[in-house]
Amino acid sequence: MKITPVKALTDNYIWMIQHGNHAVCVDPSEPSPVLEFLVRNRLMLAQTWVTHPHPDHEGGAAALWRGYMESPVYGESDIEAATHTVTAGTQFTFGDGQVTVWATPGHTDRHTSYLLETSDGIHVFCGDTLFSAGCGRVFTGTIEQLYDSFQRFNRLPENTLFYPAHEYTAANLDFAAHIEPDNADIQTALKAAAHTPTLPVTLAHERRVNPFLRVDLPHVRDRAEALSGKTLNSSLDTFVALRELKNQYRTK
């Protein structure tokens, strides 16, 4: 199985998953990059997966379905183009992989992640929940939901690969360095992010550089307290403070 990012809009990635001469597209913000990829690689669209109902994630799903009516569109009931409604725990297959739907709200009150389990491990298509070195903004969800989604991700095996839908890594690492200026892993990742695409990322990597997965560490909590001016009594408090600080932060 081969997984390829296809650039779309300004900073979106539409993830294309190939097995034989069939493909899945994840979060098609627009149809043309997907169609071009399919034609160039002589592939048939087998499935479309949508994580949440924002135009830059579902905008191309209806047009793709009209072109490939035999290919299902998976998404929750608020995804207008969905032909196959999913909920937490829904399972289906693609190629030799098993797909399990997780509810990972926070960015939106209903947000789906798709866990694809293959012989080489777990691949998580996480939309706007987790970004490399960061997390999604809270729109219609709650910060508590987002924290719970991160806690759940953090229980996966460390070699799990995450496939966010945006390339925000450099800006997120800049903020991470603001929180942990002495973290050598963040400095190394910053240098790498300046020269090459950064996705996908392993959970092991994110545990080293993503402040939102490091809220249990005393020095991260202390730094968040110092910058926010608030007393933080729990990991959730630290997560909330970091998200508020990130909202206000301007990349250098």
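Backbone N, Cα and C atoms are what each Cβ position is placed from, and that goes for glycine too.
Sequence-distant neighbours of His107 (Zn(2+) 1 binding site): residues of the same chain at least 6 apart with a C-beta under 8 Å from its C-beta are His52, Gly127, Asp128, Thr129, Cys135, Gly136, Arg137, Val138, Phe139, Gly141, Leu146. Under the DSSP three-state reduction, His107 (Zn(2+) 1 binding site) is assigned to coil, being neither helix nor strand. Annotation comment: Swiss-Prot describes His52, His54, His107, Asp128 as Zn(2+) 1 binding site, evidence class sequence analysis.
The Zn(2+) 2 binding site annotation in Swiss-Prot covers Asp56, His57, Asp128, His166. The secondary structure of Asp56 (Zn(2+) 2 binding site), as reduced to three states from DSSP, is helical. Taking Cβ-Cβ distances under 8 Å and a sequence gap of 6 or more within the same chain, the neighbours of Asp56 (Zn(2+) 2 binding site) are Leu9, Asn12, Asp27, Ser29, Ala165.
Within 10 Å of the C-beta atom of His52 (Zn(2+) 1 binding site) sit 28 other C-beta atoms, taking all shown protein chains into account.
Across the fold, the C-alpha of His54 (Zn(2+) 1 binding site) and the C-alpha of His166 (Zn(2+) 2 binding site) stand 13 Å from each other. Its Cβ placed at the centre, His57 (Zn(2+) 2 binding site) has 25 other Cβ atoms within 10 Å.
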